[in-house]
Amino acid sequence: MIVLKWSVVLWGLTLATYGTVAERPLSDVSDNVDPPQIAPAFAVEESEIIPLQEVDESYRLPKTSYPTHYELRLRTEVHTGNRQFDGTVAIHLNVVEATNAIVVHYRSLTIQNAKLAFIPTPEADPQQLNDPTWTQDAKVEQLSFNSETLLNPGSYILTVEYIGRLSNSEDGFYISSYVNKDGVTKYLATTQFESTSARMAFPCYDEPGLKATFALWITHDVLYTANSNMPYTTTIDGDIRVTQFEVTPKMSTYLLAFVVSDFQRLGTLEHSVYARPNAIDEVVFAVEAGQKILEKLDAHLGIGYYDHMPQMKQFAIPDFAAGAMENWGLVTYREQYLLFNPELSTYRTKTNIATVIAHEYAHQWFGNLVSPEWWEYIWLNEGFATLYEYYATHLAYPEVGYWELFNTQVIQAAMVPDGLETTRPMTWNADTPRSIASLFDRVAYPKSGSVLNMMRNVLGEINWTAGLKAYLTARQFDGANADHLYVGLQSAIQGNNVLPEGVTVKDIMDTWANEKGYPVLSVRRTYETGDIIISQERFISDRKVPNTNVWMIPYNYVHQSKADFDDLSTFSWLSTKAARINTEVPANEWIIFNKQQVGYYRVNYDANNWELITNALINNLSSIDRLNRAQLIDDAYWLARSGRLDIEVLMKLLTYLKNETEYAPWTAANNVLSYFNGKLRGTPAYKDFTTMVDHLIKKVYKTLDVTAVSDTEPLLHKYLKQTISTWACLIGNEDCLKRTKEALQKEVTEGIPVHPDVATVVYCNGLRTADVAEYQYLYKRIYPTQNWAFRSMIISALGCSENKQFLKDFLQTAIGGSGSGVEINYKTAERTQIVQAVYSGGRAGVDALIEFLRDPNMLREFVAILDVNTLNSALSNIASRTNTQEELDMLNDLIVDLGTYITPQTAEAARATVQANFAWQQSAEAILTMNFVGDFVDSIEPEPTTTVSPDSTTVSPASSTTAGSTTVAGSSTTEDDGGAATIAVSVTLLIGAVAVALFN
């Protein structure tokens, strides 16, 4: 399951570059003569022991019985919108320990009848026993069917009749809907069972290790079709259709799925994609990508998908809480992760579709064929799926550059939350449904994917795939734990001298899977002798504290005269707290560890080596691999934030960016510059900061066509263009603002559409000073379409306006028109996104939101429609964007007006956030940063404004600040005083008096 695409969650924009695709050739190291060496210990300390967890075992089913087969019969009238369904399940089970009770899971089901039968032999007819009674334990969600007589070991059938209700929470067996081309609401029923919600559809042994086979019958309207994991046959009786499915392979309950709908199909009987009829023409890319990716995974893993399942179906579900779900043979997706419309969808949408398909298809092996024996090993599912999300897409489309996204979207993204003290190890137990759901986090996904990728490189490609095949073959149709994986990988390298003598895969992986967090590798050079002392400690992002953690760290390095960053065939190992290594690196040459950031750790250097690296980047950045340039920026930033590195080292390193034109380094830099932008806005140093950013992006910006896309433009260059042009417009680059405004105006007045791949930047920045006609034009593009990714982009763009009246009217639409008599066709999540878009669009949006919430009528409607949690989130985000006394006064006035809608604790937390912002401005980090930025600006030689060819740029001085806010060149921010600068737009006018029904 993909909870939400991590690259979508990240604040920082992911970028790209012209140039070669980043590939990491993995050498087959099976022919190594000598095993890798462990660095000689310099100092040795015991590893920190992770304490045993306390878990409530009462949530686990008793081990007295287990299922072998389910016969499930369901009846639904979802076509009418009726949420009730009837069910009967016959559970074939084996009792292994004498008991008086059969205990299964359930949730929100009404049991009507139960029968129990004994099966003396496989050939014999079932012998009916006395009907069991049943008791329910709602806390642990268990049903106990109690027998009058002792049930001795043997085979039984428990048959249960029950009534259920389709949920409206996008969980379990639930109802969804869409509006067809005629404006009629059509209903469908679908499922989302991972992790503990199969029990909402039928009583069952709802644990991943308790696998069984499934036979399924669904009775439904004759005009609808039912789909499940397996092929089907149907019989028709009047207006009723009964769909019977073939028996599944042995699998976990959470992998069963079914959809009852009027959807249409595109593809073949073997591989197809389903969508609502008015979106079926948008699944063409999903069909193509799915087929290619599945073929590549087949070949890569050496185990054919169709050896175990006869079909692969993909479904685009209108309402879907998870990003996607890997049900075996029937994968379900949010529509925006499967539907691609070339006229509306961006390159990011296409990337998300390809990578999410690869993620879910990887699960067909890692999670479906082999499942975790319990949720503490969920990383065996999600870690592999995250790795192959990018690697399988790369195998299918090697020319596109998908693999280059892995470092920034996975490795560096994982390190942020995993650097917190509160993180957890990869292997971590859970008991309640809530605690199990919490395991689907950035540790299970990007961290685990990063660690597995590290091992992939360490073992070599041939050994890696051989080990995975051994693991998958040995555990197929069964559960697995981490040791099962390690045995498989170890079998592939036995006798090949891949690892140091006496070291096993388990020895290495236990340090990464059972320790929380990750290390920082410190490199201290003795320049006179060439010796280096390397040491490790756990990295914690907000402070430097002593710790005893020890990981087995694979390391390699390059230096200036031998800078082969592509050779990833050999590694050495640090298995103690510190060690001394001997090198012949000249004192005047830089040295860089962790080539291409394959290892999941940060690297810090002594001050002199940082200086050598920085000078090399300034003088000849191509001497250092682009992925390591990105690593250096990301590591330096977080090392400085944690007090391990002087902030001036980071700031000087950033100055090399004036010559940088590649995707990965600019993505890392984007996160750094965003941090300082948020901290410095409103301070006297902000003007100097924007001037510095203008200087850093000037060269690369001149190479970009901000408002157009060529047919041959590489994916990674599109990422790069979006990030650089966003910064250019943000700091007031006149050319950027002029081009985006003109492009929007041409679409509005001349019908010349903005290319989807630049629409995010053009719409947002074109709207900053747009008039009412342009604002209304984009707003009205929301409700005619059900392309949710496009709608999301438009909502975000509408929040970029600097006209506070526009923004307040936009906020008013989120709460349903507020008396205007007009109903807007937002989904619930879109209403919340409007609030986020407004406060994220700029300081004008924050001010507009404050003024909106201070209106008692608007506040009352806001809480009634969006709930108090959205209000609390809005207040928290307002506080985090408060940097000046004037802004604090506005926040305090708002808190007073919110009154009892918020708790005293919420108010205090908001004020504490602001005080932290103020405290930062007086910190050593802030003062050093401000001084560096000021000195940097003073060192820039003044350049006259230069006008060149139409395809180039006109760069103005960077933006200035007024009253703590950014004044963008060529813009004017309206006030709410009714003056001439204000363009008042009522809600009714804004939406054009168009009434449309809610889709959900």
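Each residue, glycine too, has its Cβ placed from N, Cα and C.
Record features, source TrEMBL:
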- 1-16: signal peptide (SIGNAL)
- 67-255: domain 'Aminopeptidase N-like N-terminal' (DOMAIN)
- 285-512: domain 'Peptidase M1 membrane alanine aminopeptidase' (DOMAIN)
- His359, His363, Glu382: Zn(2+) binding site (BINDING)
- Glu360: active site, proton acceptor (ACT_SITE)
- Tyr445: site 'Transition state stabilizer' (SITE)
- 590-898: domain 'ERAP1-like C-terminal' (DOMAIN)
- 944-973: compositional bias 'Low complexity' (COMPBIAS)
Euclidean distance between Cα atoms of Glu382 (Zn(2+) binding site) and Tyr445 (site 'Transition state stabilizer'), Å: 5
Residues close to Zn(2+) site centre defined by His359, His363, Glu382, Cβ within 8 Å: Met1, Ile2, Glu326, Glu360, Ala362, Phe366, Gly367, Asn381, Phe384, Ala385, Thr386, Tyr388, Glu389, Tyr445
Spatial separation of Glu382 (Zn(2+) binding site) from Glu360 (active site, proton acceptor) - C-alpha basis, Å: 10
Under 8 Å by Cβ from His359 (Zn(2+) binding site), same chain, sequence gap 6 or more: Ile2, Ala324, Glu326, Ala385, Thr386, Tyr388, Glu389
Average model confidence [pLDDT] within the domain 'ERAP1-like C-terminal' (590-898): 96
Sparsest-packed among the recorded positions, when each Cβ's other Cβ atoms within 10 Å are tallied, from Glu360, Glu382: Glu360
